[in-house]
Amino acid sequence: MPEVSAKGTTISKKGFKKAVTKTQKKEGRKRKRCRKESYSIYIYKVLKQVHPDTGISSKAMSIMNSFVTDIFERIAGEASRLAHYNKRSTITSREIQTAVRLLLPGELAKHAVSEGTKAVTKYTSSK
């Protein structure tokens, strides 16, 4: 008696066996892992700069990664809004700086702005 395939067509037993073995061979191959982006290597580098003898647990790293992602999204969103308000199509360092000033409180904003300015200056001088 002919077998019914997954598509609903009838095929002979010999053809059915061939179809089954082909799908089994495909399953045997290793699938490429889906790459998950994170800031963990950069967080680790900063940790070693600040406290060279201190380690970090995977749970703490996960929390720090979520924190960095959240702050990045907030700054990007605010900078985008500022560019839209001023009828600009480009987010520049000025929009980022203003977004940081709006989002972060007092002294933290001042430090973030000074570090950002320093990083931009270093980048432009190396070009």
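Cβ atoms are placed via backbone N, Cα and C, with glycine included.
Swiss-Prot lists K7 (among others) with the feature SUMO2 cross-link.
Sequence annotations record features per position, and here Swiss-Prot assigns SUMO2 cross-link to K22 (among others).
Listed in sequence order, the same-chain residues six or more apart from K36 (ubiquitin cross-link) with CB atoms under 8 A from its CB number zero; the list is none. Marked as ubiquitin cross-link by Swiss-Prot: K36 (among others).
The ubiquitin cross-link feature in Swiss-Prot is assigned to K122 (among others); the stated evidence is similarity to another entry. DSSP assigns K122 (ubiquitin cross-link) to a helical segment in the three-state reduction. Within 10 Å of the C-beta of K122 (ubiquitin cross-link) we count 9 further C-beta atoms, all protein chains included.
The N-acetylproline annotation in Swiss-Prot covers P2 and is backed by similarity to another entry.
Here Swiss-Prot flags K13 (among others) as N6-acetyllysine, drawing on similarity to another entry.
The N6-crotonyllysine annotation in Swiss-Prot covers K18 (among others).
Here Swiss-Prot flags K18 (among others) as N6-lactoyllysine.
According to Swiss-Prot, the N6-acetyllysine annotation covers K22 (among others).
Annotation comment: Swiss-Prot describes K45 (among others) as N6-lactoyllysine. Cβ contacts within 10 Å of K45 (N6-lactoyllysine), excluding its own Cβ and spanning all protein chains shown: 10.
Long-range C-beta contacts of K87 (N6,N6,N6-trimethyllysine), restricted to its own chain and to partners at least six residues apart, with a cutoff below 8 Å, are absent. The N6,N6,N6-trimethyllysine annotation in Swiss-Prot covers K87, and the record cites similarity to another entry as its basis.
Sequence annotations record features per position, and here Swiss-Prot assigns omega-N-methylarginine to R88 (among others) based on similarity to another entry. Counted within 10 Å of its Cβ, the other Cβ atoms near R88 (omega-N-methylarginine) come to 12, all protein chains included.
In the three-state DSSP scheme, R94 (omega-N-methylarginine) is classed as helix. If you take the C-beta of R94 (omega-N-methylarginine) and look for same-chain residues 6 or more apart in sequence within under 8 angstroms, you find none. Here Swiss-Prot flags R94 (among others) as omega-N-methylarginine, drawing on similarity to another entry.
Taking Cβ-Cβ distances under 8 Å and a sequence gap of 6 or more within the same chain, K110 (N6-methyllysine) has no neighbours at all. Residues or ranges marked as N6-methyllysine in Swiss-Prot (evidence: similarity to another entry): K110 (among others).
Within the same chain, no residue at least six positions away from K118 (N6-lactoyllysine) has a Cβ under 8 Å of its Cβ. The annotation N6-lactoyllysine is assigned in Swiss-Prot to K118 (among others) on the grounds of similarity to another entry.
Residues or ranges marked as N6-lactoyllysine by Swiss-Prot: K122 (among others).
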